[in-house]
């Protein structure tokens, strides 16, 4: 298909063919995965005669793979649909159409699917790197924009470092036996120190792909740089592949866990969740804001994974199943609403040509459908009931509330702190998306482009409607989905979330060990709908008929200010939170430059902030690497005799080693 | 058997001895003469092995060594040295005494290395391997202990002599491999010759200390 895309790049039907093909392929994958999950079918294994000679490539689809394939396949379908409309809109809208996307888009999807299917370390790593490189090339497709090259370079470095960590981790997993099939690894999982090192390496390797703090620095740069449907895939789906890697290694390959693995995951997840949403609050760029919010959601998922691991280690599998279900549910949820929101950002970009919040505004009148779908997405990601984000976090909190069942005191107290962090992150996320929605869609246009914006085409709208509808449906009726992926949960922690309940009505969500709590989306929906109707009626009865007086001076919202630059801006919305958190965490400073009376210069407010991950980790690291390379540079300018001497010394040293250290 | 072993041992040791002799030569012609002696000893060793073990293809090896190493290359090098009118003493980068000391320790190292590894092999194979490894290491030592480009070529050739010695001592090395080694050495020699002419033409010297100054990167 990629070959076809290359061949037909210049033809007008190429986009239709490629996106049609990927949509069909992903649809088949998703459908197959759903059927396999629903039918509780046994794992399917396949050995392909390619790859390393005499070893081949082992593929296997069990419940976990099928579940993540469902996520990837569904994301692929909507991304293909949206991408088709997006590229057509951009082909005659902008001169620099993203032509080089076509060949790599199917490759990227294929890479992600192969990672999920891999059943030996070679296949896994090769597909992983394949996925990274394909997405890297997709990021580079917008290479004409000024920030893309830097973003792409950073992404390449982070991706290579992550793969290197995974490579070492799989080396440790296989141990001295050198058998890299997952079956063999399962049978001879490393113990003790080797296992601990493996856990840390996998957290580094998969964490750098998923965006765990402090390895998140590439996400806000690379995800927005790609075309919007690719951003949606990278942010909504590729990070889930990294989550899959975490689950596969920590729950499946490593065997019996130790409690502190989960503790480490939860600590990293809490930091990621809080920091991610704080980053998101500081961003003015729509897509960058969404990428930062991905960091937060990954944090939430990783916290849930950590909880599951802790409960699995303390032999309470039913609670572990609850936590793992929360994690997997949030995986689905985040892939849905983050794809939706990236599509919205793409639609806004198509309509206005801008990603800067401060140049948007008032789009609710110009793009009503997009605005409504954005509202659904924003409400879902802010975890408002009765949407799917709420169900995921509700399940997570049920698991957190079970912490007193654990034997370790440090965990009992620590998980309370983690719960507070999740609550803080959820509240800040709500603030973040109020800001996103309010600045972009409400108010009055802040630029001429926003003033002229119009609704996007039907393909893009359908691409957005599908995930939005699913956000609502999963929020109201989450139980069938949790039932659907129960085999995956059962395979990982040997228990299901509903194990000691005799009877489960499908409209109720009342998992075991939720301390008697239960959730019914339908009732909630009915209550919210009724209250909303009442509220609307009251407002109309009480307020709409009143005579309203407008102030004489207009406060900037009347005719003299057509672009309404004096209304609340993205930066002003973020200011309170920047003041509270930014001063310590980001070293944020507001500097007001007020001209003297009589001076005609405009007053200026300058906001500066730095990312602590750059300041304390990556900048020193880069300096160290620079220093090392400068030291090693000497080697390039030696004489021939010195090179010969070095080689000779190395040879003699090795020979002496062999002679001395003989077994 | 006893006589065969002794003779093979003697010839192998002769090759090693000439390697040591190469290390302390101060004059280029003497160096080339010693190299010729080494090639003769090697060719004799190959021929003797061929006779003792009744493997006719070793005669071909012996013939190749004789014509290429003992006749063609020394003659060509003699002509080069004459035509280029090279300063006929070799300046050692490392003192003679120190070089000999290093050589002796290298031989000790290779004996220590080879003998325990090859416990199951025949005595002849073991000794031959130790000798040839020593010759290889001494050749390398010669390449770094001398400052003259011609002596580096000779050092390279003597490394190759060590390889051939290993090949004839261990039964079962295919003829094709030996042939290809021989011809690659021939090619390497031709390239060396061309380089020597070029270097001489451009820099008026074959002393590496002067040449190093002319490299593009360093100033």
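Just so you know, glycine gets a Cβ as well, placed from its N, Cα and C.
The range from A:176-193, A:230-247 that TrEMBL describes as transmembrane segment is residues A:230-247. In TrEMBL, the transmembrane segment annotation falls on A:64-84 of the listed ranges A:43-63, A:64-84.
Most Cβ pairs within less than 8 Å of the transmembrane segment (A:371-391), among stretches A:122-142, A:317-350, A:519-539, belong to A:317-350. Beyond the transmembrane segment (A:122-142), the same-chain residues lying 6 or more positions past its ends with a Cβ under 8 Å from any Cβ of the stretch are 51-52, 55, 57-59, 96, 98-101, 104-105, 107-108, 110-112, 114-115, 148, 151-152, 155-156, 159-160, 162-163, 166-167, 170, 180, 209, 222, 225-227, 230, 233-234, 238, 241, 245.
Outside the transmembrane segment (A:317-350) by six or more residues, the chain places 67-68, 71, 74-75, 78-79, 82, 86, 89-90, 93, 227-229, 231-233, 235-237, 240, 243, 247, 251, 286-287, 290, 293-294, 297-298, 300-301, 304-305, 307-311, 360, 363, 367, 370, 373-374, 376-378, 380-381, 388-389, 391-393, 395-396, 398-399, 402, 405, 440, 453, 456, 460-461, 463-464, 467-468, 470-471, 474, 478, 481-482, 485-486, 488-490, 492-497, 499-500, 511-514 with a CB less than 8 A from a CB of the stretch.
Comparison of A:64-84, A:194-218, A:259-282, A:289-311, A:643-661 by number of C-beta pairs under 8 angstroms to the transmembrane segment (A:458-477) places A:64-84 first.
Same-chain neighbours of the transmembrane segment (A:230-247): 64-65, 68, 71-72, 75-76, 78-79, 82-83, 101, 105, 108-109, 112, 115-116, 124, 128, 131, 135, 138-139, 141, 166, 202-203, 205-207, 209-211, 219, 222-224, 265, 287, 290-291, 294, 298, 301-302, 305, 324, 327, 331, 334-336, 338-339, 342-343, 345-346, 492, counting only residues six or more beyond its ends whose CB sits under 8 Å from a CB of the stretch. Beyond its flanks by at least six residues, the transmembrane segment (A:64-84) meets 15-16, 19-20, 22-23, 25-34, 36-37, 101, 105, 109, 112-113, 116-117, 227-230, 232-233, 236-237, 240-241, 244, 247-248, 252, 328, 331-332, 335, 339, 343, 346, 459-460, 462-464, 466-467, 485, 488, 491-492 of its own chain at Cβ-Cβ distances under 8 Å.
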